[in-house]
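The structure is given below, and queries will be raised subsequently.
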Amino acid sequence: MQLISFLSNPLFFCALLLKFRTIFAACDSSQFECDNGSCISQYDVCNGEKNCPDGSDETALTCVSQRQHCTKPYFQCTYGACVIGTAGCNGVNECADGSDETRLRCGNEDDIRQHDRRLQGNCKENEFKCPSGICLDKSNFLCDGKDDCADGTGFDESVELCGHMECPAYSFKCGTGGCISGSLSCNGENDCYDGSDEAPLLCNTTKKVTTPVVTETPLELLGCPLPLGDERPILTGDGSRVLTGPITRGTVRFSCKQGYVLEGEESSYCAKNKWSTSTIPKCVKYCSTAGEFDGYSTKALCTHNGQQVECRKPFHPPGTEVKFVCSTGFKTLSPLPEMRCMKGGYWNRGRQRCEQDCGQLATPIKQFSSGGYTINNTVVPWHVGLYVWHNEKDYHFQCGGSLLTPDLVITAAHCVYDEGTRLPYSYDTFRVIAAKFYRNYGETTPEEKRRDVRLIEIAPGYKGRTENYYQDLALLTLDEPFELSHVIRPICVTFASFAEKESVTDDVQGKFAGWNIENKHELQFVPAVSKSNSVCRRNLRDIQADKFCIFTQGKSLACQGDSGGGFTSELPTNAFSTWNTARHFLFGVISNAPNADQCAHSLTVMTNIQHFEDMILNAMNRSVETRS
């Protein structure tokens with residue numbers, strides 16, 4: 001990755017070469033000398049890619065002086081490198097410090113809110129929590145150039161927290177993004193945590209500058225040295241007795257609190273202010289995976305030092321990289337950005353979700369002799385069976401339903417409602433089965449998957465038979481999401497404008513799924529056509545306002561076991577949609593329920609989902625926000 005545009009400015013190019021030749025004279029005039037003595041081409045310096053073996057060509061000390069020369073259309077990394085203009089938030093780390101892909105630069109509103117909550121921890125509003133646990137005021141101590149957390153990690157001056165910031169024109173931007181007074185640059189003292197305000201190329205000097213010294217407390221000057229802050233291990237002596245310090249003599253065992261891992265020996269002997277081991281043990285903060293990788297819309301692949309590691313571990317060391325791909329049944333228009341565990345034990349960005357790919361089906365169908373179509377599960381992959389256990393030996397079939405998200409089912413309220421108590425049945429008496437080909441609970445196929453129910457939500461106005469099944473609609477949240485496949489997919493929903501909500505129009509060609517009443521009760525779908533509420537009233541004068549009806553076509557029937565199932569229709573998608581094919585959409589839920597082994601020969605009453613937009617969308621949004 002070379003930025004040959006600098007060649008278009010010969011005066012800049014000659015001046016830059018002269019500076020490099022003056023300060024790094026060991027290499028020839030067309031080369032840059034790395035800190036380890038290696039020589040690389042001048043054109044490979046400050047281009048976002050580490051070309052020196054030690055990476056010294058991509059540091060703030062080397063690159064911060066080039067900032068004024070990096071203008072649009074190029075993108076300027078926080079430490080000063082100049083890279084391709086599309087680098088910002090394209091999912092690829094073009095900058096050596098990752099400043100083009102930080103969470104605060106690229107994250108959505110949810111990512112930023114989550115980041116702010118974690119940064120605040122249990123501190124007050126407008127404060128942030130250091131790794132050591134102390135709370136500091138954001139406006140005074142965050143990204144001010146100083147290591148105010150004083151733990152040696154520069155946490156409050158990190159690129160992740162400060163790299164996205166814009167500094168005022170009168171100030172100087174440090175190599176990690178913090179802002180200091182412009183008068184402090186090149187004053188002979190390091191006022192930026194990374195020393196970038198005294199960079200040799202910026203200040204035209206080669207002498208070492210002084211760094212303010214943090215005076216250690218007298219306690220730490222006595223006895224064997226120990227790390228400060230959260231890096232300090234838990235010290236125990238004989239009999240697991242916790243030691244405080246100073247440690248002047250004796251054998252000490254080291255351990256760390258949860259979330260930290262010990263680097264160094266587990267025990268050492270202290271004498272004459274020195275440990276018997278060559279390195280001082282310290283605790284390193286690892287990145288927690290709690291809530292980071294979880295989500296049914298993506299799958300994660302974790303690596304550390306180039307080796308694949310188990311993502312399910314509760315903590316990962318700094319340097320761990322996580323790649324994501326969309327789960328089956330989900331998609332994205334651009335590659336998902338990677339996550340990295342940073343020094344200090346935090347992730348550089350949040351996980352990005354994929355979009356649900358609903359309403360898709362596959363495989364041909366064959367005609368069923370009675371007028372319905374016996375089908376492969378892929379033809380109605382959103383259709384599920386609802387089974388109940390009421391003081392019996394096993395579950396028995398109750399109703400059908402439709403999958404809205406991997407963990408949310410829509411069905412009829414009367415399927416889960418106790419007319420005697422006027423309350424829903426207990427959620428733990430139900431079980432949902434997806435990809436169910438045979439209706440009987442005990443007749444299974446390898447494709448079917450089972451989930452328990454953890455929450456039942458019934459439409460607030462539902463009163464059962466007393467109100468003639470008005471608002472006959474319920475949502476079931478599952479204890480665990482289904483893993484989507486070619487036989488398990490959610491149905492699409494869309495909601496019309498206010499004026500169009502009152503009724504489904506006439507003659508919408510669609511179908512509903514159920515299990516036939518013959519032989520093994522195999523899965524089938526029934527073709528049908530819709531009729532508006534006003535047309536339905538000619539046959540059913542007491543039909544409620546939230547209903548429409550469908551007429552089954554041919555000899556096909558709607559039977560008792562079809563209650564709760566969905567009437568769906570294939571529709572073309574919007575030309576501006578990210579979908580490029582027709583999709584199947586849910587129009588209504590079967591409400592009327594003939595007696596067992598009876599079927600409706602004429603019309604079937606449906607609950608129109610358009611009357612429940614808030615209820616449905618709120619539940620779907622909860623699923624996406626908490627579990628996708």
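Each residue, glycine too, has its Cβ placed from N, Cα and C.
Owing to the predicted nature of the structure, the values given are computational and were not obtained by experimental measurement.
From Swiss-Prot, for reference:
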{"type": "ACT_SITE", "residues": "His414", "note": "active site, charge relay system"}
{"type": "ACT_SITE", "residues": "Asp472", "note": "active site, charge relay system"}
{"type": "ACT_SITE", "residues": "Ser563", "note": "active site, charge relay system"}
{"type": "DISULFID", "residues": "Cys27-Cys39", "note": "disulfide bond"}
{"type": "DISULFID", "residues": "Cys46-Cys63", "note": "disulfide bond"}
{"type": "DISULFID", "residues": "Cys70-Cys82", "note": "disulfide bond"}
{"type": "DISULFID", "residues": "Cys77-Cys95", "note": "disulfide bond"}
{"type": "DISULFID", "residues": "Cys130-Cys149", "note": "disulfide bond"}
{"type": "DISULFID", "residues": "Cys143-Cys162", "note": "disulfide bond"}
{"type": "DISULFID", "residues": "Cys167-Cys179", "note": "disulfide bond"}
{"type": "DISULFID", "residues": "Cys174-Cys192", "note": "disulfide bond"}
{"type": "DISULFID", "residues": "Cys186-Cys203", "note": "disulfide bond"}
{"type": "DISULFID", "residues": "Cys256-Cys283", "note": "disulfide bond"}
{"type": "DISULFID", "residues": "Cys302-Cys341", "note": "disulfide bond"}
{"type": "DISULFID", "residues": "Cys399-Cys415", "note": "disulfide bond"}
{"type": "DOMAIN", "residues": "26-64", "note": "domain 'LDL-receptor class A 1'"}
{"type": "DOMAIN", "residues": "69-107", "note": "domain 'LDL-receptor class A 2'"}
{"type": "DOMAIN", "residues": "166-204", "note": "domain 'LDL-receptor class A 4'"}
{"type": "DOMAIN", "residues": "222-285", "note": "domain 'Sushi 1'"}
{"type": "DOMAIN", "residues": "300-356", "note": "domain 'Sushi 2'"}
{"type": "CARBOHYD", "residues": "Asn36", "note": "N-linked glycosylation site"}
{"type": "CARBOHYD", "residues": "Asn204", "note": "N-linked glycosylation site"}
{"type": "CARBOHYD", "residues": "Asn376", "note": "N-linked glycosylation site"}
{"type": "CARBOHYD", "residues": "Asn621", "note": "N-linked glycosylation site"}
{"type": "SIGNAL", "residues": "1-25", "note": "signal peptide"}
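Situate these features within the shown structure.
Annotation note: His414 (active site, charge relay system) sits in a helical segment as assigned by DSSP.
Classification of Asp472 (active site, charge relay system) by DSSP places it in coil, neither helical nor stranded. Within the same chain, residues at least six positions away from Asp472 (active site, charge relay system) with a Cβ under 8 Å of its Cβ are Ala412, Ala413, His414, Ala459, Tyr462, Val589, Ser591, Thr607.
Using a 10 Å Cβ-Cβ cutoff, Ser563 (active site, charge relay system) registers 25 neighbours.
Classification of Cys39 (disulfide bond) by DSSP places it within a strand.
Counting only residues at least six positions away in the same chain, the Cβ atoms of Asp57, Glu58, Thr62, Cys63, Gln66, Gly80, Ala81, Cys82 sit under 8 Å from the Cβ of Cys46 (disulfide bond).
In the three-state DSSP reading, Cys70 (disulfide bond) counts as coil. Its Cβ taken as reference, Cys70 (disulfide bond) is surrounded by 19 other Cβ atoms within 10 Å in the chains shown.
Following the DSSP three-state reduction, the secondary structure of Cys77 (disulfide bond) is coil.
DSSP classifies Cys130 (disulfide bond) as coil under the three-state reduction.
In the three-state DSSP scheme, Cys143 (disulfide bond) is classed as coil.
Annotation note: Cys167 (disulfide bond) sits in a coil segment as assigned by DSSP. Long-range Cβ contacts of Cys167 (disulfide bond) within its own chain (separation 6+, distance under 8 Å): Lys173, Cys179.
In this view, Cys174 (disulfide bond) is surrounded by 30 other Cβ atoms within 10 Å of its Cβ, with every protein chain counted.
Around the Cβ of Cys186 (disulfide bond), 15 further Cβ atoms fall within 10 Å across all displayed protein chains.
Secondary structure from DSSP puts Cys283 (disulfide bond) in a beta strand. Neighbour density for Cys283 (disulfide bond): within 10 A of its CB lie 22 other CB atoms from the protein chains shown.
The Cβ of Cys302 (disulfide bond) lies under 8 Å from the Cβ of Gln308, Val309, Glu310, Cys311, His316, Thr320, Glu321, Val322, each of these being in the same chain and 6 or more residues away along the sequence.
Counting every protein chain shown, the number of other Cβ atoms lying within 10 Å of the Cβ of Cys415 (disulfide bond) is 24.
Per-residue pLDDT, averaged along the domain 'LDL-receptor class A 1' (26-64), amounts to 89 for this model.
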Please identify, from the disulfide-bonded residues Cys39, Cys82, Cys95, Cys162, the residue with the sparsest Cβ neighbourhood, meaning fewest other Cβ atoms within 10 angstroms.
Cys39
Counting across all protein chains shown, how many other Cβ atoms sit within 10 Å of the Cβ of Cys203 (disulfide bond)?
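Taking every protein chain into account, the count is 16.
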Going along the chain, which residues six or more apart from Cys341 (disulfide bond) have their CB under 8 A from its CB?
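Set apart from Cys341 (disulfide bond) by at least 6 residues yet with Cβ under 8 Å, we have Tyr286, Cys287, His316, Pro317, Pro318, Gly319, Thr320, Glu321, Trp347, Asn348.
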Give the helix, strand or coil assignment DSSP yields for Asn621 (N-linked glycosylation site).
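For Asn621 (N-linked glycosylation site) - judged by DSSP and reduced to three states - the answer is helix.
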Of Cys70, Cys77, Cys95, Cys149, which is closest to Cys174 (disulfide bond) if I measure between C-alpha atoms? They're all disulfide-bonded residues.
Cys77
For Cys302 (disulfide bond), just give me the three-state DSSP call.
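Assignment for Cys302 (disulfide bond) reads strand.
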Between the disulfide-bonded residues Cys27, Cys143, Cys149, Cys186, which lies closest to Cys95 (disulfide bond), Cα to Cα?
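Smallest Cα separation from Cys95 (disulfide bond) among Cys27, Cys143, Cys149, Cys186: Cys143.
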